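See below for the structure under consideration.
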Amino acid sequence: MHDRTFHIETFGCQMNVNDSDWLARALMERGFSPAPFGEARLTIVNTCSVRDKPEQKVYSLLGRIRQATGKKPDAFVAVGGCVAQQIGSGFFSRFPQVRLVFGTDGLAMAPQALDRLVEEPDLKLSLLDFSEDYPERDAVLGQGAVPASVFVNIMQGCDNFCAYCIVPYTRGRQKSRATGTILDECRALLDRGAREITLLGQNVNSFGQDSHGDGTTFAQLLHKVAALPGLERLRFVTPHPKDIAPEVVEAFGTLPNLCPRLHLPLQAGSDRILKLMGRRYDMARYLRIVDDLRAARPDIVLSSDIIVGFPGETEEDFMETMGALETVGYAASYSFCYSDRPGTRAEMLPDKLSREVKLERLERLQTLQNRLTERCLQDMVGKKVEVLLEGMSRKPGDEGDSWQGRDPYGNLVNVALPQGSDVRGRFLPVVVAQAKKHSLLAEQAGAPW
C-alpha cells in the first residue's frame, strides 16, 4: 500500500486556517494520516499573497521541504491558496517536487486529486479555474466532538478591487453560499459540541447581494444563526466600512450572543490616501459608524488593519492615521508596511516610499498601538467576564493548572484552576485581576458550565 502520510503548513488569514482544517479532515476520511514536518510523504502548503513577505516565506519553505524530504524518493508537495492561484503551473518548473497546484476554488477537489497523485507517482495536476458558483465542499467534521470555537465560511472572493489588494484576483469575484447550507453546517457543528461560531468572508456585509446569493442580507443571516439552539457566542470577520448596514450595527444591541468585538479595517486615516486606495469612504463616514456601533453597544471593542507607507503617503497623511488610532481607541490593530502586489492599481502608482521611511513609521504606529492596547486591557481589571476555555496555558500556574481562553471581547485570559480540571470547551466566570502586555490574568469566580 502506498504511503498516505501528510503534513500541512498554513500561511495567512483565518480563512486559510479554516481551509487547511477542512482539508486535513477530508484527507483523514480518505485514509491519509498526519505526520510531522519532514516525515510525511505529502506536504501541503496553503499560501497567502496579500503581502510580499508571506509569499517569500512560501518559496523559502519549499526549499526546506526539499531538504527535509530528500531521502524519501516518493515525497511530493501540493501548493494551494492565493500564491498558487497567482503563480499557477509555474510552480512545476521552479520546484520539481510540486505535483499539485490548487487555487482557492480548487480546494474543494483537492482531496480527490491527492488520492490520484498518491497512486500515480508520475502524474501532475492543477486545479486553478474559478467556479461560477460557491465551490461547496463535502461536509467533513471528522470523528468525535469538534472544538468549542469554530469557523464557518459564508462566501468566497471579493468585488471591491481596492487599489493595493490582490484578493479579487486570487480568490475571484464574490460568491455567496446558500443560506440553508450555512445554517445546516452551523447546526451540525453545534450538535457536535461547538458553542461559539465565527462567520468568515472577505466582505461579509455584502453577503447574499451578488448574483450567486439568495437575497438574504448579512443582517438577516446574523439573526438566523444567532437563533440556533446551543449557540452561546457569535462573531464575524471581515466587514467593509463602506457596506456596513444599519441593521448590522443594530444587531450588536439586539442579539445577546453577538460578541461585543468588531474588526473594522480602516487601512489609513487620511482621506487623500483612502481615496487613492479606492476604499470608498472617508474618515467622517468611518467615525459615524464607530459612533453608531457604540450607541448600539456601549462596551463594544474595535480592532483594525492599517497599511503604512502607501504610495504618496506624506508625513501629514501618516499623522492623520496616528490621530485616527487615538480617536477610535482600537484595542488592537494589524499594521504592515505597504508592498506592491502584482497586477494591482497601486503597483503602478508613483511616489513609492523607501523601506526605511516605511519601517520608521510602522515602528511609531505600533508603539502607539501598544499603548492603546495596554490601556484597553487595564480597563478590564476588576470586571467579571465569561471565558470560553480553549486549553492549557503554555506556562503552568504556581498552584494547579493554568488555563487560557477568550472573553466576549476577544481578550486572551489566563486563569489558574485546581490540578486535573477538565474544562476544555466550557465557560468559566472569572474576575480579571491583572492586565499584562497582550493578555489578562483572572481568578475563578464561579463554576464552569
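Cβ coordinates are placed from backbone N, Cα and C, and glycine is handled just like the others.
Features reported for this protein in Swiss-Prot:
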- 4-119: domain 'MTTase N-terminal' (DOMAIN)
- Cys13, Cys48, Cys82: [4Fe-4S] cluster 1 binding site (BINDING)
- 144-375: domain 'Radical SAM core' (DOMAIN)
- Cys158, Cys162, Cys165: [4Fe-4S] cluster 2 binding site (BINDING)
- 378-446: domain 'TRAM' (DOMAIN)
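Comparing the Cα of Cys48 ([4Fe-4S] cluster 1 binding site) with the Cα of every entry in Cys158, Cys162, Cys165, these being the binding-site residues, the smallest distance points to Cys165. Annotation note: Cys82 ([4Fe-4S] cluster 1 binding site) sits in a helical segment as assigned by DSSP. Across the domain 'MTTase N-terminal' (4-119), the DSSP tally of helix, strand and coil residues reads 58 helix, 25 strand, 33 coil. Between the binding-site residues Cys48, Cys82, Cys158, Cys162, Cys165, Cys82 has the most other Cβ atoms inside 10 Å of its own Cβ, all protein chains included. Listed in chain order, the residues near the [4Fe-4S] cluster 1 site other than Cys13, Cys48, Cys82 are Phe11, Gly12, Met15, Asn16, Thr47, Ser49, Val50, Pro54, Gly81, Val167, Thr170, each with its Cβ within 8 Å of the site Cβ centroid. In the structure as shown, the Cβ atom of Cys13 ([4Fe-4S] cluster 1 binding site) sits within 10 Å of 19 other Cβ atoms. Cys162 ([4Fe-4S] cluster 2 binding site) carries neither a helix nor a strand DSSP state and counts as coil.
Averaged across the domain 'MTTase N-terminal' (4-119), pLDDT in this predicted model comes to 91. Within 8 A of the CB centroid of the [4Fe-4S] cluster 2 site residues Cys158, Cys162, Cys165, the other residues of that chain are Asn160, Phe161, Tyr164, Ile166, Val167, Pro168, Gln202.
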